[in-house]
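Features reported for this protein in TrEMBL:
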DOMAIN    84-234  domain 'Photolyase/cryptochrome alpha/beta'
BINDING   GLU352, LEU353, ILE354, TRP355, ARG356, ASP357, TYR358, PHE359, ASP449, TYR450, ASP451  FAD binding site
SITE      TRP383  site 'Electron transfer via tryptophanyl radical'
SITE      TRP436  site 'Electron transfer via tryptophanyl radical'
SITE      TRP459  site 'Electron transfer via tryptophanyl radical'
REGION    525-547  region 'Disordered'
Amino acid sequence: MLHFLSSSSPLNPQFLLLPRQSARLRVLLSIPVSAMSSSSSSSSRGALAAAAVPSLSADEAGAAADEAFLRYTSPSMRRSGGGGVAIVWFRNDLRVLDNEAVVRAWAASDAVLPVYCVDPRISAGSTHYFGFPKTGALRAQFLIECLEDLKRNLTKQGLDLLIRHGKPEDILPSIAKAVTAHTVYAHQETCSEELLVEHLVRKGLEQVVIPQGGASNQKKPRNPKLQLIWGATLYHVDDLPFSVNNLPDVYTQFRKAVESKSSVRNCSKLPPSLGPPPGSGLDEIGGWGTVPTLESLGLSMTKAEKGMHFVGGESAALGRVHEYFWKKDQLKVKRYEKQRIANDSTYWVLFELIWRDYFRFISAKYGNSIFHLGGPRNVESKWSQDQALFESWRDGRTGYPLIDANMKELLATGFMSNRGRQIVCSFLVRDMGIDWRMGAEWFETCLLDYDPASNYGNWTYGAGVGNDPREDRYFSIPKQAKTYDPDGEYVAYWLPELRSIAKERRNFPGASYIKQVVPLKFDGGHQKRDQQFNRQRRPVHMYRRQK
């Protein structure tokens, strides 16, 4: 499932994908439990209603978040006596817990000013090559919920969140001047667009002159500094057993090295209060501002009537962690193992988190090449940019129910399982021969958990131009359907026209469904035989990616 997590051992910032396990469904099948018994027939509207994630009540989620904040609060923490005002520039890690930028700003100042910039290049911009919306309505709504929750959590800690619409390189220098801030603290990024903004912010701050106090007022004026802090990975960049430039080009080598030679840092503690905010200068810049709405961003969306609705924000993430690890007893991890029982599922969650780390470090090592057609290895291949074929994939009209169901889920919810992402990527690049960047940019538009390093790392990997020793990785649709959706419940859930078809025919319904837009590259005669769907034993770990 998708969560916005606070970083710490063993979990980390940004977004995390975990499996939703049930006795009948695999991770590919992102179906609310209430709908499972109804997919074989004409289901009621209620049975197919969207399910909130987490499914906790507001009181339960709030209690889980409060418990987490209490656990990581240290009454003995004291400021280091730095004085003055420090700004915290929130970027992609919209959380308070285990946010080293927040703690460092608090320790080095008398007052902290949290700031978020609604950058029009992100909220209203277009993707680089194909001009898709850079942020779709679903992710924009998720971001709005994250900002609302961040504002609430900061308020509980004695602060607030100043929100401004505009480019950070324009906004932050003017705010720093108004509140005479000595430092802007922020989390460091690794991809080109984000690095450019960091550069422009630093240049803008160099133009700001902050007068220094003193009885004679003779201290030399100084410029506010931009202090960037690493905070986006499970394993800290400084704790790797090699430099980023010497990062192994094969994931397994990276994983084995960090598992044997590196340790995950402990979660940073919070003081009892992060306040106060600056006592002056806010009126000069127009006050705190408000969280944007979809309408103010020029976007609109229709409320999903089915699938899973992921609630944005740190509190929802903490509630989901509580629900998943503790309430439903579905996974055991580190501290949890000491109180419950360790099992093999522990390792596979960490395995996926290390993948996310790997793609982040790969983006730092190879820079813009992860966005180029040939990828980090500069592979020369011929790709099609056939618009009609691409649109059939984008809209879920390929004639292959497993592909179409996944794409319709993405359109409706902003989510797709890890397995589904690999399958639709393979189909687009291997069976259709479409330029992989079109798929990557469409995911950039749609995914709630979009992150440039993970998204483009996965697409280069799937397209055979990235860090994968197997250049011709192929996912057979008949095999994937038989393994992960043997009864056709998933495809029938997202494609209602298949519900009346016998279960064994749902994934290959022939003339009962729309015409297939392309033949499969490697069918091997399975298509007809798989209509019988000989049942096989289901593997235990549905969310492992192929090695």
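For all residues, glycine too, the Cβ spot is worked out from N, Cα and C.
Here the structure is a predicted model, which means the values were calculated and not measured.
Structure coloured by features recorded in TrEMBL.
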residue: ILE354; record: FAD binding site; contacts (Cβ under 8 Å, 6+ apart): LEU234, TYR235, PHE254, ARG255, VAL258, GLU259
residue: TYR358; record: FAD binding site; contacts (Cβ under 8 Å, 6+ apart): TYR251, PHE254, ARG255, GLY457, ASN467
residue: TRP383; record: site 'Electron transfer via tryptophanyl radical'; contacts (Cβ under 8 Å, 6+ apart): LEU373, VAL429, GLY433, ILE434, ASP435, TRP436
residue: TRP459; record: site 'Electron transfer via tryptophanyl radical'; contacts (Cβ under 8 Å, 6+ apart): CYS425, TRP436, ARG437, GLY439, ALA440, PHE443, GLY466
Sparsest-packed among the binding-site residues, when each Cβ's other Cβ atoms within 10 Å are tallied, from GLU352, ASP449, ASP451: GLU352
Cβ neighbours of ARG356 (FAD binding site) where a neighbour is any other Cβ within 10 Å: 23
Count of other CB atoms lying within 10 Å of the CB belonging to TRP436 (site 'Electron transfer via tryptophanyl radical'): 23
